[in-house]
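One structure is given below, encoded as structure tokens.
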Amino acid sequence: MLGMFLVLPVLALYAKELPGSTPGSGGLAIAVYGLTQALFQLPLGMLSDKLGRKKVIYLGLVVFALGSFIAAAADRVTWLLIGRAIQGAGAVSAAVTALLADLTREEVRTRAMASVGLTIGLTFAVSMVVSPLLTRYINVSGLFALTGALCVLAIGVVAWITPNPQRGKFHEDTEMQTSRISEVLRNKRLMQLNFGIFALQAVMMAIFASLPIVMRGLGLPKEQHWQLYLPAVLLGLLLMVPAIVVGETRNKLKQVFVAGIALIAAALCGIYVGQASLLAIGVSLVVYFVGFNILEASLPSIVSKVAPTDLKGTAMGMYNTAQSIGVFVGGAAGGRLFEHFGLIGVFAFSMVLTLAWLLMAAAAPAPAAVRNLALSISPIWQGCEERLLAVLQQFEGVEAASLSADRSTVYIKARQQGFDEAAAKQIILGGNHVE
């Protein structure tokens, strides 16, 4: 993830400096990565079920490293685009998620996935600040080379440090079931959330396809862009935390979510109106990152609350695909609109997406105050899994329950209040077998 985020704040400026570039080349360099990532993400995830997780992860890392070194050596914008396209083709997030699921017990898997999400968020924040600083010493081509080197290092980590799973199995709560994609497409609420992550990524990529160029035009060299990004990122993270805590603990998630979208809209207005002032842009970036961090943190949580218990992996797979498509559309549209219309074109594109999302989110029902559990079933229930399921479905506080395909795991969606988790675990683990 560091390799993906590290070049984002400076890529538009770098692409513009290469021979053969146009003002829209920076956006295209961002977009082409999202396109190939969207195309290869699902096939590589399916391939990991057949060949094994680590083999596909090795393949993806080699492809990503190859693309990084091609981009590092690029002497024309065409080669930069080729390198970025190859980078995106090394999309191994689905295989990594599946490997993590193989290596963790059902009882701790949710926390493990949350820690990965937190790591990605922190990596993004660090990249926003470190990237402009590093370009002073190693240039953007050096960032790509560093990315390639990190991929080689990651191969070693996967080979010699990451444990080998005892056996790979399909996890309905983390992996996509291609036969059930149509169910996600027919689920109006899930598709609204997919539009949300699409819009969030598209707006961000449109901003990074244009705003660095505007900032340099105001006399701030790219090596000093960190001076705006650092306070924006830090304040964005600090102010996001209490908002998420209030949303989750006081059942105000919808209000916080809608407020996050409104902050994005306000930040876009601030950037456009204050485009001649670095101070105005800096303040607007603080507002933007507060909203962005709220939405980036709450969207996966809402997807897991809305998705049926045995469809969560497929729902998240479609969510990730929508995210990649957003990167493609936002980068391509942002670069092209900035080339032909300037910042007003990017502003109009971003505001249309943001306001459409705001109206959609405001009209949507509040997500239920529920949580998801995945628990291994005791062998004592072998042959009686349906009876166990019937017992759990009548359990106080349980909204829904389902069995995994191999009938070894039960997935439960339970209310935050009124659910006795300890008692449910006692039944599932065989401590209180119901005759």
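Cβ coordinates come from backbone N, Cα and C, glycine included.
Residues or ranges marked as domain 'Major facilitator superfamily (MFS) profile' by TrEMBL: 1-368. Residues or ranges marked as transmembrane segment by TrEMBL: 25-44, 56-74, 80-101, 113-134, 140-161, 195-214, 226-247, 256-273, 279-295, 316-335, 341-363.
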Key: Residue numbers, six or more beyond the limits of the transmembrane segment (56-74), whose CB comes under 8 Å of its CB atoms   = 3, 18, 44, 47-48, 80, 82-92, 95-96, 99, 141-142, 144-145, 147-148, 151-152, 154-155, 158-159
Query = Thinking of Cβ pairs under 8 Å, which stretch from 113-134, 140-161, 195-214, 226-247, 279-295 has the most of them with the transmembrane segment (25-44)?
reply = 195-214
Key: Same-chain residue ranges lying at least 6 outside the transmembrane segment (226-247) that approach it to Cβ under 8 Å   = 9, 121, 125, 128-133, 215, 220, 253, 255-257, 259-260, 278, 281-282, 285-286, 288-290, 292-294, 297-298
Ask   = Taking the transmembrane segment (279-295) as the reference, which of 80-101, 140-161, 256-273 gives the largest number of Cβ pairs under 8 angstroms?
value = 256-273
Task = State the non-local partners of the transmembrane segment (195-214) in its own chain: residues 6+ outside its ends, Cβ under 8 Å from one of its Cβ atoms.
result = 8-13, 16, 23-24, 26-27, 30-31, 34, 222, 225, 264, 268, 271, 275, 281, 288, 292, 295-296, 299, 319, 322-327, 329-331, 333-335, 337-338, 343, 346, 349-350, 353-354, 356-357, 360-361
Key: Long-range environment of the transmembrane segment (80-101) - Cβ separation under 8 angstroms, sequence gap at least 6   = 3-4, 14-15, 18, 25, 28-30, 32-37, 39-42, 44-45, 47-49, 53-54, 56-57, 59-72, 74, 109, 112-113, 116, 144, 147, 151, 162, 165, 168, 171, 173-176, 317, 320, 324
Remark   = Near the transmembrane segment (341-363) in space but 6 or more residues beyond its ends, with Cβ under 8 Å, are 192, 195-196, 199-200, 202-203, 206-207, 209-210, 214, 254, 257-258, 261-262, 264-265, 268-269, 271-272, 275, 333-334
Query = Mean pLDDT, the domain 'Major facilitator superfamily (MFS) profile' (1-368)?
reply = 88
